[in-house]
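The next block holds one structure in the form of structure tokens; read it before the comments.
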């Protein structure tokens, strides 16, 4: 044990000596010891203390060993002992002793010491304490004889206590840079020894010339005067507290200095630039490309020369024009704004003058390309004008196109069935025609192309379209009913198109048939019949018996000869769309009527909004055709979309040209739509109007047109109708989702709901209405519009009672004793209180009793007790009126 202990003490002694030498405390201790020995040898107090201590040594009383003896010389025997010390142990004290006789430093010796030297010693001891753990290692000096300080001398002795708190051991984690190498590899490369040595040497020289003062020392020098180092014995306790606080402050200041120095050293060795790269480490930069620091780019003016000549097509947006001129859109907008024209980037320029002026301002000649406009205007010339401009030698006689028009249920379709020897009327929903039928029938007088138009008021557009495309109009009038509204409308369409009119007075087999009434009505409409000396041919017919049908055919053939109907079969085909629909297997199909030229299988067609290539072509008997001559209606497939009923078509060179034409047309439509944005109806908002939103799906395009026309003609000052979408086909899932999002109603006409969309209707709670007859759909929409209106409330008086007395109840409140003066007071009806002809309150009855029994009603002349619901301010003499609220639906 002794060997182990000696070895341990020896190691600690060697370590402590090395640390002391490294900190430079040995020289300072020698200076302090020499200064102290010269003063204490001449003082008589030190000799007296030596005698007292020698006497106490003989007495054998042990003296407490000081923790740190800063005044001992190198010759004094030292013993370094390591021990564990808890936080509850006594605070270590620093006692300054003289080297000669090992006595304590008294107050008389304090003036002999210089303040800067004490400050430097304190700093050096604190620096030494920072290097070594004072909580685990304690230095002690064991003298040859034990010493004990008397109580009287303790008061005169200067004891400087320094509390050293245990320091937490800082564990330095290994630092790895972005290269994956340890920081020690970088220290060897970035550390410059000569620069550090020079700095250290200059620091030592400065320390030798003038001791360094820390933050605590400088603070003490500022706060304390120069002569406060020597104080009387009575102020010793306060001096101890101040010295302890100053030492703590000095310790904190030294810790901050040390942390700053350590941070600076770390930055010097592991300095990184703003992108995380090591500064000065060229080896690691070989594989990493150092990012160049981005500086603020100076505004460079790019001088772009505008082209001298460009060619554009109108209309064009400001953005597109700027791109063609190699300029910014803001430059064009600025130039236009200077001259009083306000435009934005997406505005459309359709004026040739404005476009040419812009080019003149920027030194550019702008030429308007008219080739695109010529493509868009392919269908502007009428078919009749084209036929008139054709060489007469190429023209041949074509079949007449006859349209049967008239009021609903007057027998138009029945006459056509009799001519064709078919039965189409029986298969139609509601026994009315709701589609435009086009077919060719062979008669004894030749072939006739027949158009069967609907007679219902909703199909006004179909009748107008039939009048435009046909050559002769057969006006069917029922002899027992006379001319009706739709008959008059058909006459107006025929007059507007300047078409020959032939009147067929139908139902001549009925007993109430009156032809004179029909003649008179025709004369009133400026259609004077031949029987009355006019030019309008009239024929009495009966679709059931067949009477007069042969005469009708002969009259049609005669009118066709008079008109001299001709066409050019060698020209490219032109015509009109009679009807269109979406077929489940064939896609978009259309019934077209060829007016001029010959339509062949495989040719490319252009409509208003779509194009196509004729893949198949069938007649009314579903027979495949290779070509269609003038006045022939055919059903074609292979279209890109569903064309609208009434749209003209023309044959073009190939499908590529057709695509280019449609693309140009769609672009123009989008620009026009951008110019004519739908503005909100502020009048409807101010008038608090209701709006019914509809989504229409139908089997054919003509049905959509007719249904939409009928719905929009429903006039109402309280409800507006808005059609969000109108398409051909079955009701799909997207339609249901659109209706749910916009809170709209889906109207299906001659169509059905797709299978995968049916469960979505229940989940999203969307209202879907399916119809086969158009007037049923119109009536249902009117009911829906009426349901949107709030009902009108009407108050009907049932009776009245006068309050005769009031009774207070702690549980129920105020009970009113009343006498019924008029009618009947009913318990479940409303009550109003009237005082001086003014209504004070409206509410309901909480209880109605007569002779302590609950009753439902009390009649005139009887007394009752009434308890009102949450009202107790009625007075004697007030009138209680009982009334009933009746709600009446509003009218459109």
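Just so it is clear, glycine is given a Cβ too, placed from its N, Cα and C backbone atoms.
The Cβ neighbour count for residue 412 (GTP binding site), using a 10 Å radius and every protein chain shown, is 27. Residues or ranges marked as GTP binding site by Swiss-Prot: 406-413, 452-456, 506-509.
Annotation comment: Swiss-Prot describes 35-48 (among others) as compositional bias 'Polar residues'.
Among the features that Swiss-Prot reports, compositional bias 'Basic and acidic residues' is placed at 139-166 (among others).
The annotation compositional bias 'Low complexity' is assigned in Swiss-Prot to 200-211 (among others).
Among the features that Swiss-Prot reports, compositional bias 'Polar residues' is placed at 212-224 (among others).
Here Swiss-Prot flags 225-238 (among others) as compositional bias 'Low complexity'.
As annotated by Swiss-Prot, compositional bias 'Basic and acidic residues' applies to 252-276 (among others).
Under the heading domain 'tr-type G', Swiss-Prot lists 397-566.
Sequence annotations record features per position, and here Swiss-Prot assigns region 'Disordered' to 32-102 (among others).
Look at Swiss-Prot and you will find 114-300 (among others) tagged as region 'Disordered'.
Across the region 'G1' (406-413), DSSP assigns 2 helix, 1 strand, 5 coil. Residues or ranges marked as region 'G1' by Swiss-Prot on the basis of similarity to another entry: 406-413.
For 431-435, the entry in Swiss-Prot reads region 'G2'.
Long-range contacts of the region 'G4' (506-509) within the same chain, counting only residues at least 6 positions beyond its ends with a Cβ under 8 Å from a Cβ of the stretch, are 410-411, 414-415, 476-480, 515, 540-545, 547-548. Under the heading region 'G4', Swiss-Prot lists 506-509.
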Legend entry - Number of helical, extended and coil residues in the region 'G4' (506-509), per DSSP: 0 helix, 1 strand, 3 coil
Legend entry - residue 406 (GTP binding site): tally of other CB atoms within 10 A of its CB: 28
Legend entry - Cβ neighbours within the same chain of residue 508 (GTP binding site) - under 8 Å, at least six residues apart: 479, 515, 540, 541, 542, 547, 548
